[in-house]
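In TrEMBL this protein carries:
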{"type": "REPEAT", "residues": "3-101", "note": "repeat 'Solcar'"}
{"type": "TRANSMEM", "residues": "6-26", "note": "transmembrane segment"}
{"type": "TRANSMEM", "residues": "73-95", "note": "transmembrane segment"}
{"type": "TRANSMEM", "residues": "107-130", "note": "transmembrane segment"}
{"type": "REPEAT", "residues": "109-193", "note": "repeat 'Solcar'"}
{"type": "REPEAT", "residues": "212-303", "note": "repeat 'Solcar'"}
{"type": "TRANSMEM", "residues": "283-300", "note": "transmembrane segment"}
Amino acid sequence: MSAEYAAILAAGGLSGMAADAVLYPLDHYKTLRQARLPTQHLHLVNWTSRGLMTTVTKGSLLTKGGLRAIRTLYRGLTPTLLGSFPGTAAFWATYEWTKRTLKRNSVLPPFVVHLLAASAAQVVACVIRVPFEVVKQQMQCSVHRPLSTRAAVSRIYVAQGMAGLFVGYGAQLAREVPFDAFEFAIWEKLKYHYEISKMRDRPSYTNEIYTLSPMQSAVCGALAGAIAGAATTPLDVCKTRIMTQSITTQGGKIKYKGVSDAMVKIVREEAMFHLMKGVVPRVLWIGIGGFLMFGAYEFAKDALFRSLELGRYEPAERACQECKCLKPTS
């Protein structure tokens, strides 16, 4: 493996872990909102949303109640972090390699290149992420008898075997591929237009290329994540229902056979708007997460490339190549 891609793997993994660790409570609350919990446990959804905020505002974070709120909100964090580093690292490495390859060997428009690169990256990443995601969501929904990571894995294995760790793989792909495809395409497009606007403000005699800072890239990532997150909320609801049905349904019965089946049953048995459950925490989670992940990725990547004396990775020469009003660099 080249030093270049080793740096990308490290930067990608670290950025994913940072975003997941900071924003995990929002993810937990979103899951509880979307899962169809038994009636007697519905009050815990409201308790989870208020618990930590109450303890913070009242200055009682280190009391017994405050510590309980923290433990509840962070239940399932261990499998999340275990899967976050390898999953996000694999995603970024695949994305950067696919994007470079398509740009060099095809005449596809940049927007399509970014769509395809993100889709390919997510297919690879999901193979790593899904088992950890299944364990995490089962731990999050074990409201009556909280499960440890080991107990959750054991429960899944006894009930469904190794295949149980990949329940919802299709649903995960159905949610993640369109989400990441549009998130990354929007992110790249926002960065491109930002670069163009900055370069137009420069004197006409300079050929210097403007490259976004990690902070500017992070802002673009937050906007892209929020837009894509809101649009794919129905798919996220279906994925959550499929992955948690063995612990939320009576007797652990399998109710939803796939994404389309889950979508039809939710609309028929509940209401259309239930497909948008958790949209607010999802948009907040992904918007803030996009800011953290893209910013941390760009910062870590630049730092690693400088330390390895590799220069900057793929500078913004695409702005000069794609915009006819600007003079190409020599």
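Yeah, the Cβs are placed from backbone N, Cα and C, and that goes for glycine too.
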Per-residue pLDDT averaged over the repeat 'Solcar' (109-193), given as an integer: 88
Listed stretch, out of 6-26, 107-130, 283-300, that has the most CB pairs under 8 angstroms to the transmembrane segment (73-95): 6-26
The repeat 'Solcar' (109-193) - residue tally per DSSP class, helix then strand then coil: 73 helix, 0 strand, 12 coil
